[in-house]
Structure formats: structure tokens, C-alpha cells
Amino acid sequence: MIKYAWLIPVFPAVAFPIIIFLTRKVRLLSALVAIAAIAASFVMAVGVLREVFLLGVTMEKPVEYAAPWLQIPGLLKIEAGILIDPLAAVMLLVVTLVALLVEIYSVGYMHGDPGFSSFFSYLSLFSASMLGLVLANNYFMIFFFWELVGLCSYLLIGFYYHKHSAARAGLKAFVTNRVADFGFMLGFFFLFAMFGTFNFRELAEAIPGYQNTGFLALAAALVFIGPIGKSAQFPLHVWLPDAMEGPTPVSALIHAATMVAAGVYLLARAFVLFASLPGIMLLVAYVGGFTALFSATIAVAQRDIKRILAYSTMSQLGYMVMAMGVGSMTAGMFHLMTHAFFKALLFLGAGSVIHALEEQDIFRMGGLYKDMKVTASTFIIAALALAGLPPLAGFWSKDEILAAAFDHGFTGLYILGTLVAFLTAFYMFRLIFVAFFGNRRAGLHGHESPLTMTIPLLILAVLSVVAGFVGTPFASHGFSTFVYYGEPHHVEPNYAVMLLSTLVALAGIGLAWLLYGRPSDVPEKLATRYRSIYTLLVNKFYIDEIYMWLFRRVVLGLSEAFNWHDRHVVDGIFDGVGDLTRISGQKLRFLQTGNLQTYALVIFTAVVIIALWMAAPVLGGVIQ
Amino acid sequence: MANLYLLTVEILTAALGLGLLALGLLVPKSDRRGIGYVAAAGLAGLMVAAFSMRDASGVVLGGYVIDPFGTYFKILFLAAALLTAVCSFDYVEKMGFNQGEYYALLVLATLGMMVLASSGELISLYLGLELMTITFCILAAYHLNDAKSAEAGIKYVLLGAMSSAILLYGLSLVYGASGSTVIKQIGQTVAASGASPALLLGTIFLLAGFAFKVTAVPFHMWSPDVYEGAPTPVTGFLSVASKAAGFAALVRVFFGALPDLHNFWVQLFIALAVLTMVLGNLVAIPQTNIKRLLAYSSISQAGYLLLGVVSFSVLGIGAIMYYAMLYVFGNMGAFMAATAFYNTEGSDEIKDYAGLARRSPLVAAVMLFSLLSLAGIPPMAGFVGKFYLFMSIISRGYIWLAILGILMSMVSVYYYLLVAKAMYLGNPPEGSRPVRVAPGLQVAMVVSLLVLFILGIYPTPLTDYAMNSAMSFFMP
């Protein structure tokens with residue numbers, strides 16, 4: 001099975017043209033093709049994971065299959081290949097599983113949409129790109145798929161392209177990511193210049209012995225810009241909240257398994273590059289920690305259900321990046337996995353609510369629990385998992401991150417992480433108490449969604465409960481002896497950390513209940529009292545406005561100047577060159593007279609000229 | 001007895017050509033379309049035969065060399081001939097002359113190219129060249145009722161004869177100076193005794209003769225006129241296969257017999273490459289006829305291929321081989337699209353292509369992607385081909401030449417996209433019908449399109465094959 005792992009991205013990649021060219025008109029068949037393809041990938045991913053166990057593939061002894069793609073002996077070698085280690089195997093499983101459930105869910109959600117077939121074709125391409133990224137064995141290839149993921153996100157976020165805001169959001173995501181990708185690209189070109197290879201394994205062998213840490217740090221910092229963009233870290237996070245303009249299943253996919261996970265995955269793949277550079281690691285840890293806190297505070301004041309979830313994703317991604325930064329690749333990947341399940345569930349649940357109500361403002365919802373029992377109960381399970389209550393999935397992975405921060409001596413980040421845990425529990429249960437309990441506020445009645453939508457919810461709910469058990473410190477062969485960097489370490493349960501994070505989560509839920517669990521005017525009073533803070537939070541710290549201001553004043557101002565320069569100087573030169581080229585073409589064509597004798601004459605003249613040109617040195621004996 | 005089994009492909013090709021000639025006489029006029037099918041099937045079978053002999057090597061009758069290099073080119077010629085045959089079914093039927101002869105000539109021209117690519121001896125090389133040239137004269141003039149076609153035939157006969165004379169003169173000078181017609185022995189003599197003025201003059205004449213065949217500037221002037229006048233499928237065949245054959249023979253003679261003079265001839269090839277790339281691309285810009293545009297584009301492609309000769313390395317030969325193969329599909333793709341268009345519209349003017357994307361998405365797409373491949377835009381195969389050609393000269397230190405090549409490729413994007421602009425942004429004329437394409441031609445177009453994508457996305461098997469075949473030239 002592991003030999004054929006390259007087929008995993010191929011199935012959905014093939015589904016894409018099939019849907020576009022063949023089954024577009026038959027909607028259900030299109031969905032079926034897409035689902036069958038991703039299901040095949042899922043089965044393969046399970047098989048690969050099984051063989052990784054059976055064959056004893058470890059982080060030190062990965063399986064690699066590669067064929068040269070472009071090569072010039074001694075100058076350049078670019079491979080097309082796959083690298084399978086436990087990291088990739090786990091990721092494959094998560095991506096295929098979430099993508100499969102999202103696609104099944106979409107059959108119900110997108111029912112009746114005019115773009116039904118193209119939606120499924122894009123989803124297939126999106127999954128294929130992400131799976132290719134996961135399997136890539138070198139920087140060049142991972143960048144190729146990285147860009148494809150970016151392109152697909154553009155297509156899907158802007159899926160309702162006739163809606164102005166959606167088109168803008170797609171563009172924003174694409175442009176922001178392009179900025180980040182450029183840094184990433186420079187970074188791995190630097191690595192190539194230093195080591196002459198793109199291959200992860202060859203680099204992993206070469207990097208630890210490299211002396212010039214200055215260049216290495218530069219390359220690492222540039223590579224890190226990629227994840228800052230893709231995984232929506234401060235300050236390139238602005239695209240993610242807007243990305244909810246896409247259809248909700250796409251948000252689920254982007255936030256759980258594909259797009260944003262790519263950045264964290266790259267950090268794990270390139271971990272050897274960062275691990276040797278304490279300064280860069282510190283940067284990574286603080287960027288992650290800051291993003292976690294920053295976006296959790298914003299989430300507290302949002303009213304739009306998808307926006308709350310979007311900021312929550314950013315905050316959780318911050319956790320993962322922070323985990324990488326404090327040196328625990330295990331904790332970061334573990335949280336990525338559990339988060340994928342419950343965040344997909346939250347978005348799909350939100351989609352189910354939106355599908356029923358056509359409303360996204362939680363303060364216009366209320367009492368939904370009575371109408372939508374399945375959606376509501378699965379949503380609550382996911383929220384509990386996200387809040388980090390034992391024994392749900394989120395508890396174990398979050399605990400591992402906090403424990404890692406604590407053990408490695410990052411006390412500041414540990415306190416910050418605990419604070420974020422409190423905020424997370426608070427904003428999630430604010431959402432739940434307001435939307436699912438209490439009175440129906442705007443007279444909106446929910447109704448339960450069809451089975452194609454609720455079954456994925458139930459499966460994800462089960463996973464949100466159990467997925468954490470693979471990594472509890474109480475199980476001897478947990479996640480940490482499977483996916484790790486350096487030495488596999490056995491995590492000792494840190495009861496103090498566990499207890500504190502549980503208490504903090506409970507406190508967050510309690511506060512949410514006090515403020516929103518029953519009719520009360522406290523929230524309004526608070527909002528009025530701390531007007532300035534509240535406004536700051538509602539407006540997301542004005543980051544978008546700052547960027548727009550910068551963009552208008554600085555970028556547009558500069559571009560005006562450049563524009564003038566461009567039009568009058570550069571264009572002048574290039575138009576000149578272009579005209580010269582065109583005109584010389586027009587003049588030169590008159591050499592072609594159509595006259596046979598002329599042609600013959602030209603040939604003879606040419607031979608004579610060449611002979612004379614060559615004769616001079618030959619007669620002088622220069623040749624030899 | 002000589003090991004004649006090495007000549008299987010050549011013998012079978014000759015048999016196919018003569019068989020088709022006989023069929024043309026035996027089959028009643030109404031059924032002659034079938035001859036085309038026989039020709040296509042035969043060529044496909046020959047391709048299989050040639051492919052099965054890809055590793056064979058040996059010398060037959062003292063001077064005829066079978067090696068992977070030659071066999072690679074034979075596969076290439078057969079692929080081009082097959083695409084041309086498929087492309088010709090409707091076209092030839094419309095011209096209404098003896099179809100058996102047409103296909104027989106096609107196959108015999110292929111035989112000439114095979115001999116040209118495999119000859120390790122100057123006389124048989126010349127025979128192959130003449131077999132190819134004379135059949136092409138007839139094919140170019142095959143459109144009997146068309147004055148332009150007749151003009152093309154006449155021009156090709158006269159200028160072809162002249163270039164043959166120059167080449168033959170060069171061959172005799174080389175023979176006179178080295179005392180042998182066998183390429184390998186010439187190489188040994190030259191290595192031992194050095195260059196004499198007669199040998200150098202012979203080299204110049206050889207260069208002029210081959211430059212004519214590969215349409216290098218300033219020996220290219222016949223090609224736009226002949227390309228425009230000849231029947232479109234023939235033009236396609238002429239532009240890819242005869243050019244590739246010219247390069248195969250050029251490499252064999254210059255790398256096989258005259259490697260010790262490479263300091264001398266490399267500068268000549270640099271001059272030719274520069275002139276060819278610059279003039280071919282610049283003059284392509286103002287063209288309004290698709291066949292003339294493709295003619296100039298094809299001249300410029302010869303300029304890029306000459307870079308491989310300039311590099312004088314395994315990488316260079318491998319790059320020529322790879323580029324020649326993808327060029328078959330890129331250029332034939334464009335010519336097939338042009339043929340399909342001509343079959344229903346009766347026009348070769350670019351302005352008539354306006355709005356083609358809406359009238360026939362397939363024809364427009366094949367034209368577009370073929371042109372993009374010729375321009376060297378990834379992920380099309382042309383990108384990989386140019387990448388290797390440019391790398392081959394960069395590794396030799398001719399960075400300025402690579403930069404010139406890249407600049408000229410940028411110019412080429414402009415005129416290729418002018419065609420794309422007409423097809424995709426122009427409005428189809430009032431009352432225009434969809435362009436109908438025969439199923440066989442459709443299949444051939446889709447196949448060549450797929451090949452362009454596959455060779456662009458996963459080129460390694462073919463590049464490895466080409467590089468390995470090229471190795472033999474630099475082994476002692």
C-alpha cells in the first residue's frame with residue numbers, strides 16, 4: 001500500500017477534470033465522483049498508516065520514493081517524490097477524513113446551488129493539492145502544491161463571485177498569501193544556494209553541521225513567513241476572517257484540514273531548520289503566542305457565528321505555532337489533528353444553523369437546541385472539546401502544549417496560553433448560550449438538516465471525543481512516541497497544569513453562563529462601561545483599517561509615483577524597444593522578396609562571407 | 001553476411017512505401033481514402049518496430065550505423081509521419097489526386113530521413129538527403145491547381161538542388177582531404193593529421209548545406225515561401241521532420257567526423273544561431289498568414305536547436321533530441337489545427353481565426369497550447385526543452401547567448417499570443433458555423449496535446465533516454 005501512496009492525491013486530482021469536462025451537467029454524478037475519489041484516498045491513507053505501524057516506519061527511518069523531474073548532472077536536481085513518515089501518515093489521514101466528511105456534508109448543504117458541480121470539482125482539486133503538499137519530499141514540490149492550495153482557496157472563497165464581498169475576500173486571501181509565499185520562496189532558494197538540494201532528508205542531514213548560522217537564520221526567517229501567511233498568524237492574519245465569505249463547507253475545510261494546516265505542517269516538515277536556531281524559535285513561539293491571545297480577545301466581541309469561529313481558528317493556530325516555537329513539534333501536530341476534527345465539526349454545525357435560518361448573527365438566534373437537537377448537541381461537544389474539558393480531544397492536546405511551554409521554561413507563554421484557554425471557553429459558551437438556548441429572539445425557527453449533513457456531524461462528534469486518547473500522557477505508546485523531532489519523549493502527566501487548565505476552562509464557561517446564560521443586562525452595561533475596549537475588540541484592533549490606511553496612503557501613494565515613472569520612463573523604454581522590435585520585423589520582412597534569384601544570391605554571398613571570414617586566420621596559421 | 005536484421009525498420013519502411021504505391025494503382029478511385037488508413041496503420045506498426053530496436057547498435061555494410069541516437073530519430077520521424085498521415089485524410093481527398101502516391105511519397109520521405117540519420121558514411125548520407133529532398137519537392141507541389149503550391153515546388157527544387165550541390169562539394173573536399181568517406185575514419189584522420197585548408201573549406205560548405213535543411217538564417221529564405229505554398233500537412237511534416245533529420249545528420253557529421261575542429265566551427269554556429277533566433281522571431285511579428293507565421297516561428301526554433309550544437313556536449317545533444325521530439329508534437333499540433341481550420345473555412349489568414357474558441361473549442365485549445373509550448377511556457381513540454389537547451393550553453397559559459405535566447409523567446413510570446421488573442425477575444429464573423437473536425441484528426445490533435453502536457457510535467461524518462469543516447473558521441 002505504502003508503495004502506491006502517490007495515488008492518494010491522484011484520485012481527487014483526476015476527479016477534477018472528470019467533473020469539469022464530463023459530468024458537469026449531471027449534478028449528483030459530479031458529487032459522487034468527487035466523494036468516491038476522496039473516499040479512495042481515505043482508504044489508501046488508512047492503509048498507509050497501518051503499514052507505517054507494521055513496517056516500523058519512524059521519523060528517523062521514513063520511506064521515500066522519488067524520481068528526478070528536472071536534472072542536469074552536477075548542476076541541478078529537482079525531484080518528484082513522496083516522503084512518508086508518521087508525520088505525513090497522520091496528516092494524510094486527517095486531511096482525507098475531514099475532506100471526505102465535508103464533501104458528503106456538501107451534498108446537502110449545496111443542494112440546489114447553480115454551481116454545484118464546479119463546487120465539487122474545486123473541492124477535489126483543493127484536497128488533491130493539500131495531499132500533494134503533505135506527501136512532498138522536497139521544498140520545490142511542497143511550494144508547487146502550496147501555491148495550488150492558495151489558488152484553490154481563491155476559487156472557493158470567491159465561489160459566490162457575483163457577491164462583491166466574496167470576490168473581495170477571495171482576492172484578499174490570495175494577495176495576502178502571495179506576499180507570504182514570496183518570503184517562503186526566497187527562503188528555500190537560499191537553502192538551495194547553501195546546500196544545493198531541495199530534498200528534505202538531504203537538508204536534514206546537512207543543516208545541523210552548517211557553520212554559518214547567520215545565513216541559516218535568514219533562510220529560516222524567510223521560510224517562516226510562509227506559515228505566517230498560510231496559517232494566518234499576526235500580522236498576515238487578515239485574510240482568514242474574511243474567508244468565511246466562501247460556502248460554509250469550504251470554511252470547514254480551510255479551517256480544519258487544508259489551507260491553514262499547511263503552514264503548521266510546513267513548520268513540522270522544516271523543523272530541523274528551526275530547531276538549531278534558538279533566536280528564530282523564540283520568534284516563532286512569540287508570534288504564535290501573541291496571535292493566540294490577540295485573536296481570542298477579538299473573538300469575545302464578535303456577533304457573527306462564522307467570524308467567532310474564524311478568530312477561534314486563528315487563536316488555536318497560534319497555539320500550534322507556539323508549540324512548535326517552544327520546541328514541541330509533537331504537541332503542535334497533536335493539536336493540529338484534534339483541532340481539525342472539532343473545528344470542522346463547529347463549522348459544519350454553524351453551516352447547519354445557517355442552512356436552516358439564513359442568518360449568521362448569533363444575537364438574532366436563540367433557543368435553537370429545541371429545533372435542532374443533533375446539530376446543537378454535536379456543536380456543544382465540539383465546543384467543550386475546544387474549551388479543553390477532560391476527557392475530550394482538545395483537553396489532551398492543549399494540555400500537551402501548555403505542559404511543553406511550562407517544562408521548557410517559557411513561563412510567560414505558559415501563562416499566556418492559560419489565559420487564552422479561559423478566553424476560548426468564554427467566547428465559545430457565549431456563542432452557545434446565546435444561539436442555542438434562551439428565547440427565540442428574532443422569531444427565527446430552526447429545523448434539523450438532512451441526513452447527509454447530520455451524519456458527518458455525528459462522526460466528527462465521536463472523533464472530537466476520542467481523538468485525544470491517542471496522545472494522553474496516561475497511554476504508554478502515545479502520539480509523542482510516533483510523531484516527534486529528535487528523541488521520542490515520554491510525557492509525564494503534569495497534574496498541576498492539567499488541573500489549572502481545566503479550572504480555567506470551567507471558569508470561562510461559568511462566566512459565560514453568568515453573563516449570557518440567563519436574561520441579564522450585565523453585558524450591555526459592561527460594553528457601555530468599557531466602551532473603548534469593546535469598540536477596539538469589535539473592530540478587531542483596527543488592523544484592517546490600519547492596513548487599508550497604509551495601503552491607501554503609502555502603497556497607493558508610492559504606486560502613484562511608480563505609476564508615473566512607469567508610464568513615462570519604463571513604458572517609454574519598453575514601448576520604444578517594442579516598437580523597434582516590431583518595426584525592425586516589418587523592415588526585415590522585405591528581405592523576403594519572393595524572388596528565387598535573390599535567395600540563391602544570398603546563399604552564395606553567405607558562403608563567400610563565411611569563407612573569407614574564416615580564411616584570414618587559417619591562412620595565417622592561427623587555427624591549430 | 002552483414003547483419004541485415006538491424007535494417008528491419010528501413011526495409012519495412014521501403015516495403016510500405018512501395019506497397020502503398022501499388023495500392024494506389026489497384027484500389028478503385030472511390031475507395032482510395034482507405035490507402036491513408038493503411039499508411040497510418042503501417043507507420044504506427046513501424047513505430048512499434050523501431051521502438052523495440054531502441055537499444056540495438058551495430059554497423060551494417062561498413063558505413064551504416066544503427067545506434068540509439070539514430071533509432072530515437074527514426075521514432076521521431078515515424079511519429080511525425082503518422083501525425084501527417086492522419087492529418088491528410090480529408091485534405092488529400094479534397095485535392096482529388098492520386099492518394100496512393102501521396103502516402104507513398106510521405107513514407108519514402110521518411111525513409112530518406114532515416115537513412116540520413118543513420119548514415120555513418122558520406123555517400124549514403126547524401127543518398128538519404130536526396131531521397132528526402134526530391135520527395136518533398138513533389139509533395140510541396142502536390143496541390144496541382146494551386147499556383148502557390150507549384151511555386152513552392154519549383155523553389156524547393158531549384159534551391160534544394162543548389163544546396164545539395166554545395167553540400168556535395170563540401171563532401172568531396174572532406175573526402176579529398178581525409179581520404180575516406182566513412183565518418184569514423186575521417187574523425188581519426190583529422191585527429192591524427194590536423195586541419196588542412198581544403199578540409200576547412202569543406203567544413204564551411206557542409207555547414208551551408210545543412211544550414212539550408214535546418215532553415216538557419218541566412219540559408220532560410222526558401223522556407224517561408226515553400227511553407228506557405230505547400231499543402232498544410234506537408235508543411236507540418238517538412239517543418240518538423242526534415243528539420244530534425246537535418247539536425248541528426250549535422251550532429252553525426254560535425255560531432256562524429258569533425259570534433260577536433262570544433263573550435264573552428266562552433267563560432268560559425270554561434271553566428272548562425274544568433275542570426276536565426278533574432279531574424280526568425282522579429283520577422284514573425286508582422287505576419288498575417290498562419291502558415292507564414294509558423295514558418296518564421298519554425299526558423300526561430302532552429303535557432304534554439306543550434307544552441308545545442310554550440311554547446312558541443314552530451315547535454316547539448318540530449319537537449320536537441322528532446323527538443324526535436326517535443327517540437328514534432330508542438331508544431332504538428334499547430335499545423336493540425338491549421339489544417340482542421342482550412343478544411344472547413346478554406347483560409348489560412350489569422351484574422352479569420354477570430355472567435356475560433358467559440359466555434360471550435362478543441363481546435364482553438366490545440367492551437368493555443370501548441371503555440372504556448374513553442375513559446376516555452378510551463379507546464380508545456382517546450383519549457384523543459386528550452387530549459388535544457390539554455391542550460392547546455394550556460395554550462396559552457398555562453399551566458400549572453402542564453403540571455404539572447406530568452407529575450408527572443410519573449411518576443412515570440414508576443415506573436416503567438418496575437419493568434420491566441422484573435423481566437424479567444426475576437427468575435428466570430430456573422431453567420432459562422434462551428435468548425436467540423438474529422439474524428440481521426442480529433443484523436444491525433446488530442447494525443448499530441450496530451451504528449452505536450454505529459455512531456456512537460458514528467459519529462460525525465462525521455463530526457464534520460466535522450467541523454468543516454470547522446471553519450472555515444474563522446475565515448476572514445
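One-based numbering along the chain as shown.
Even glycines carry a Cβ here, placed using N, Cα and C.
Residues or ranges marked as domain 'NADH:quinone oxidoreductase/Mrp antiporter transmembrane' by TrEMBL: B:119-410.
Sequence-distant contacts of the transmembrane segment (B:34-52) (same chain, six or more residues past either end, CB-CB distance under 8 Å): 8-9, 12-13, 16, 19-20, 23-24, 27, 71, 74-75, 78-79, 81-82, 85-86, 88-89, 92, 99-100, 103, 106-107, 110, 440. The feature transmembrane segment is assigned by TrEMBL to B:34-52 (among others).
Per TrEMBL, the feature transmembrane segment maps to B:72-90 (among others).
What TrEMBL lists as transmembrane segment is B:102-119 (among others). Cβ atoms under 8 Å from those of the transmembrane segment (B:102-119) belong to residues 9-10, 13-14, 16-18, 20-21, 24, 35-36, 38-39, 42-43, 63-67, 69-70, 73-74, 77-78, 81, 84-85, 88, 92, 125, 127-133, 135-136, 138-139, 142, 183, 237, 241-242, 244-246, 248-249, 252 of the same chain, restricted to positions at least 6 beyond its ends.
As annotated by TrEMBL, transmembrane segment applies to B:125-144 (among others).
Feature annotation from TrEMBL assigns transmembrane segment to B:156-178 (among others).
Among the features that TrEMBL reports, transmembrane segment is placed at B:198-222 (among others).
Residues or ranges marked as transmembrane segment in TrEMBL: B:234-258 (among others). Listed by sequence, the residues of this chain that lie at least six past the ends of the transmembrane segment (B:234-258) yet keep a Cβ under 8 A from its Cβ atoms are 65, 69-70, 73, 76-77, 80-81, 83-84, 87, 106, 109-110, 112-113, 116-117, 119-120, 122, 125, 128-129, 132, 136, 139-140, 142, 174, 178, 183-184, 186-187, 190, 203, 206, 210, 213-215, 223, 226-228, 265, 291, 294-295, 298, 301-302, 305, 309, 312, 317, 320, 324, 327-328, 331-332, 334-336, 339, 473.
The transmembrane segment annotation in TrEMBL covers B:264-284 (among others).
Under the heading transmembrane segment, TrEMBL lists B:304-325 (among others).
Positions annotated as transmembrane segment by TrEMBL: B:362-385 (among others).
Annotated transmembrane segment per TrEMBL: B:397-417 (among others), in sequence order.
Sequence annotations record features per position, and here TrEMBL assigns transmembrane segment to B:437-458 (among others). When Cβ-Cβ distances below 8 Å are used as the criterion, the transmembrane segment (B:437-458) is approached by residues 40, 83, 86-87, 89-90, 325-326, 329-330, 332-333, 336-337, 339-340, 343, 360, 362-363, 365-366, 369-370, 373, 378-384 of the same chain, each at least six residues removed from its ends.
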Recorded stretches the transmembrane segment (B:397-417) and the transmembrane segment (B:304-325) touching, at least 3 CB pairs under 8 Å: yes
Candidates B:72-90, B:125-144, B:264-284, B:304-325; stretch with most C-beta pairs under 8 Å toward the transmembrane segment (B:362-385): B:304-325
Cβ contacts under 8 Å made by the transmembrane segment (B:125-144) with residues that lie 6+ beyond its boundaries: 95, 97, 102, 105-106, 108-109, 111-119, 150, 152-154, 156-157, 160, 164, 167-168, 171, 213, 226, 229-231, 234, 237-238, 242, 245, 249, 252-253
